[in-house]
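Student: Quick one: this structure, given as structure tokens, is what I'll be asking you about.
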């Protein structure tokens, strides 16, 4: 085998090992990202909401810093209510569609799927209606969220 082939093979193996250590994104959070894009008509990338204020992103504490952060707190609380019902909101897939007026849940008969879809649609529409303040992205939560 030629040295160049060995290098390519090694690079592929290392890439696969690295990819194997990345946990898969829960399906519902991917869908939620699509709902956000639908609601805001693609005006802001989903990742802008992943580290915003005290509640947008992982965890949450304190008082929301603005209306958008309040949307995230409401969404977090809604997921908490879903968990109390025995649902797994971050893992549930559901049917939805993107219409001219934003996202909607399709005809969902299973209670958990309907509940979680409603949480996500309400939050996505709330995000679209709330102003985005760049100063509240990636804030020091130890100072602002107690």
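For all residues, glycine too, the Cβ spot is worked out from N, Cα and C.
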Student: According to Swiss-Prot, 55, 57, 59 bind Ca(2+); which one of 67, 76, 77 is listed for that same site?
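Tutor: According to Swiss-Prot, the candidate sharing the Ca(2+) site with 55, 57, 59 is 76.
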Student: Starting from the Cβ of residue 56 (disulfide bond), draw a 10 Å sphere and report how many other Cβ atoms land inside it.
Tutor: 24
Student: Counting Cβ atoms within 10 Å across all protein chains shown, which of the binding-site residues 57, 59 comes out on top?
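Tutor: Ranked by Cβ atoms within 10 Å, first place goes to 57.
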